[in-house]
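Asker: Below you'll find the structure I mean.
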Amino acid sequence: MQGDDHTLPAALLQTLGPFADAIQRSPKSTIRPAPADETAGTRGRRAVAALVEQAGALGDLRREVELGETLGEGGMGIVRHATQRSMGRPVAVKTARVHARSEATTLKLLREAWVTGALEHPNIVPIYDVGLDPDGAPVIMMRLVDGNDWGSLMRDEQAVREQHGSDELLDWNLRIFLQVCNAARFAHSRGIIHRDLKPENVMIGRFGQVYLLDWGIAVSLEDDGSGRFPLAREVDQTVGTPAYMAPEMLSASASALGVQTDVYLLGAILYEIIEGTPPHRCESLTAFVDSVVESSPRFVRGMDDELRAVCCRAMARSPQDRYADVAALQGAIEAYLRHRGSRRLAHEARERLVALEATIARQASNPTNASEDDLRLEVHDLFAACRFGFQAALDRWTDNPEARQGTRELLTLVARYELDHGEHRAASLLLAELHDPPAELVTALELAIAASEADREEVERLRKFGDDHDARIGQRTRWFALVMLGTCWSGLPLVLSRWPPPSDLTTMFSLPALFVVIMVVVMIWGRESLAKTAFNRKAASAMVFSIAAPLVLILGGILYGFSVELVLLLQLFLWFVCSAMITILLDPRLWPAAVGYGLGFLAVAWTLANWDRSWDPTPYELSMCIMSASHAVLTLTLFVVWRPESFRRVPNELRSG
């Protein structure tokens, strides 16, 4: 806006005085310029003269078409349905009204056609040809568009749904808006500004085509020397549609016009999309001027702040404060549409989050419910749906605050849920996704993990303790060793009883030493299994001690001068003590072995005390036979008690079959 803010409105009121009635009665009608001045007329006459001089131009176009019914009439022109004979296609033909024919009217209609024809774009109606009839009146042939103007559809949700299949009126309007922006942006690239952008100048075809019409007051920012285009620098009148007009259009200052003027008009259309009415109040000339000069949009209807901000910037009072060009405005609307879709996804995910909170609360209020597994499954399903919804929203708009906050609430909620149910790893993974997880939740997780580690260590300790005392571990190796050693241990005394008795204790030393060697070989062979658990280690140690202990006894007997019979008797007593201790400390089921050695000790003692020379067996022979029998009791006891589980199972299966 140029000039002093206090004097300019008064000057404008005087300038716009003749239009006061029209502004109040038809604020959405275009105020058009008076006939062109002498300079413009001179340039325009040259352009018309050039058209007349073209070979065959005079009257050719009128003969090319077959005119039909009237489609519409304006102040200067009339549009008829026609058929292009050479192509056999329907077209629209615009000519000057009979009573309005003049040099100025001809120039205006032709210039509108020349401007439109220079802008070949999908969103601008194509001009097929331009000519003059025999009377010198313009004849303009253009594409016939079958549809409705945007203004009649902008607020008609039912018509939009029925005719164009869209259930989202705002979304549909904004996508039409973007196509209008395409047309304006293309025109700007050719140095043309429209100056009369409004919904009524946009045609929506039956199949969704969008055309920006009525380039009657468009001007060119550059002079191509042809005289066909009106120039912005020649503007000296207030023109445009009052309800949408930009502040610089009031002043009729040529230097203030530019692409930002059309940006303002597009912002005014955006305002109407939001509020349902044009931005400027036109109940009086003063109200109109004040509204345009202030250009401070007031919003009543509920709408996203983002879209309001776009509208306000596009309608900024100063052109320098608006979007730099239409492309920037388009980008803002496209971003809003992406954000709108993102917000919708975030809203749907938020509804699922509320349902998830209710499910968790229901489970917490009745933790012993028989359907707890079903509730946990429902929690995980809702979590997955929420997670997908918020992530889809963020994929469309990375900075969506609703989706970011919702994701944080979701991860925090489910992390707390998993923590309450002892799923520490799941809770840890969820919290790891949060940039700044709640401190109290992190502390609770650390305490729970610490407690869980202590429980796990205790369980592991108990497991190891159980394994160490589990007789089933290594039982096959242990049993095989018992078969080998027990057979020799039981049978050898019986074999030796048939031999002459040893003359002294020195010769008795070799038998226990031989068994110690055999025992060491067996231990080396089965060391992996026999050393695996405390039970096996104790069992192996007990066997080694039981075999090695007689060596100490024999050495003591040699030193003290024991007889052979006495050493044999003391060996049985020694094995009785060993087997009794093994029964008490290792496996109570071995009690028959202790009983066998105790009875053997008593039997040998009775034999030695009551032996008569009339008896055929010698004391040595009887003692060795009793010793063999005691060893056999031990071997059979170990064979039965420590027999592998896999061997015991076969008879049971056979019996059950």
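Along the chain as shown, residues are numbered 1 onward.
The backbone N, Cα and C atoms fix where each Cβ goes, glycine too.
In TrEMBL, annotation is done automatically, which means it is predicted and not curated.
The feature ATP binding site is assigned by TrEMBL to Lys94. Residues or ranges marked as domain 'Protein kinase' by TrEMBL: 65-337. As annotated by TrEMBL, region 'Disordered' applies to 24-43. Marked as transmembrane segment by TrEMBL: 508-527, 539-560, 566-586, 593-609, 621-642.
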Asker: For the transmembrane segment (621-642), what are the same-chain contacts with Cβ under 8 Å, counting residues 6+ beyond its ends?
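Answerer: For the transmembrane segment (621-642), the far contacts come to 471, 475, 478-479, 482-483, 486-487, 489-494, 496-498, 501, 565, 568-569, 571-572, 575, 579, 587, 589-590, 592-593, 595-597, 599-600, 603-604, 607-608, 611.
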Asker: Using DSSP reduced to three states, classify the residue listed as 'ATP binding site' as helix, strand or coil.
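Answerer: For the residue listed as 'ATP binding site' - judged by DSSP and reduced to three states - the answer is strand.
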Asker: When the pLDDT values for the domain 'Protein kinase' (65-337) are averaged, what is the result?
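Answerer: Looking only at the domain 'Protein kinase' (65-337), pLDDT averages out to 90.
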Asker: Is it possible to get the count of other C-beta atoms within 10 angstroms of the C-beta of the residue listed as 'ATP binding site'?
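Answerer: Excluding its own Cβ, the residue listed as 'ATP binding site' sees 23 Cβ atoms within 10 Å.
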